[in-house]
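Listed in TrEMBL for this protein:
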type	residues	note
ACT_SITE	Ser212	active site, charge relay system
ACT_SITE	Asp347	active site, charge relay system
ACT_SITE	His378	active site, charge relay system
DOMAIN	132-385	domain 'AB hydrolase-1'
Amino acid sequence: MNPHESEVYTVAPEMPAMFDGMKLAAVATVLYVIVRCLNLKSPTAPPDLTYQDTALNLFLLKSCPILTKEYIPPLLWGKSGHLQTALYGKLGRVSAPHPFGLRKYLPMQDGATATFDLFEPLAGHQSGEDVTMVICPGIGNHSEKHYIRTFVDYSQKQGYRCAVLNHLGALPNIELTSPRMFTYGCTWEFAAMVGFIKKTYPQTKLIVVGFSLGGNIVCKFLGENRTNQERVLCCVSVCQGYSALRAQETFLQWDQCRRFYNFLMADNMKKIILSHRSVLFGVGSTKMVDTDLSRLYTATSLMQIDDNIMRKFHGHNSLKEYYEKESCVHFIHNINVPLLLVNSGDDPLVHNSLLTIPRTLAEKKENVIFALTLHGGHLGFFEGAVLFPQPLTWMDKVIVGYSNTICQWEKQKPPCQSQEGGKKFYFWKKY
């Protein structure tokens, strides 16, 4: 037998086995990447709570069980902060309802026109009281966004009137009436909406709710002037970053794809600004010049847009000054009403270093509870069994549950409330 033929016969049977091994290795690699990217090995757990030992806080934890129970996201993808954030960004919510509301227009002193949508309750509130939720959405958002519609519908059915601010310039079918639009921390429009509600409904009590950028605005509003806290029962802030100055450095990092998210949000902001180009850069505008418009076209980050456009609406001399004066971190310690601050540990937009702000605040102030979930992404917090998320999210339930408990406390709080334990703080963990 030819030695070459012998060689062929001995090697050939081994080839299929070798290819099978390569296939198995490829499949194993793909599965490993999927498990890592989807964070499938991450456990589920209750929120990590930081709070002080006060009668109110203990009552809240006892009467609002969602704060101490496991948050369970959809099994296959819900432990990925990126997918939670992407689903919120693309869809908002699943099967979002269409609550009916009336749009209100409020003229501002500088010629701008603030708008908000008012939704009446669909049932009586469990406390028997008249309670209104005043809601501030996230960046560039308004009452027509799916996550806002879902939350409003759920709140209406629980007996709450809802007033939702439409950020100045955010609604695609509403023209600006002055060369100014919403900014990171301007509270003028929110204050006008709250003032209207207080005047129109003199008996109502207020629940203040802010999402993302809206969380910064509502906390800044309450902390700017103590009179802003009158008739306010509590405040809930979800997924805000607390300090724009500290956040700007993290938004330029590629960690957690934060630089990519920065680019996407900047692109969205450009579209909003350019949709009002004739008003913002027209003859009536004294703060913008042609070079600002040119820089806007080439901007690839929110910081560039803030520096070239947004800070000039209020005459700030520098980006640093703009971020310093518009961040709630300098005002939030003045809030004395019950305050729930909610963040997610896998939020790709809010760096973990920023979470020392709410944690430290909860350690120092007895009216504050800081709740940090393991999962949820940025304004995601979807719940579900395996693949398909439920229409209602954990975020919706926790805000309404906390608000209900505060209303219950106000109605039946004990005559003598010992605050002697207020200097002690706790970290509530169940893993």
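Each Cβ is built from the backbone N, Cα and C atoms, and glycine gets one as well.
For the pair His378 (active site, charge relay system) and Asp347 (active site, charge relay system), the C-alpha distance works out to 5 angstrom. Within the same chain, the residues at least 6 positions away from Ser212 (active site, charge relay system) whose Cβ sits under 8 Å from its Cβ are Pro137, Gly138, Ile139, Val238, Cys239, Gln240, Leu349, His378, Leu379, listed in sequence order. Within 10 Å of the C-beta of His378 (active site, charge relay system) there are 25 other C-beta atoms, taking all protein chains into account. Asp347 (active site, charge relay system): 26 other CB atoms within 10 A of its CB, across all protein chains.
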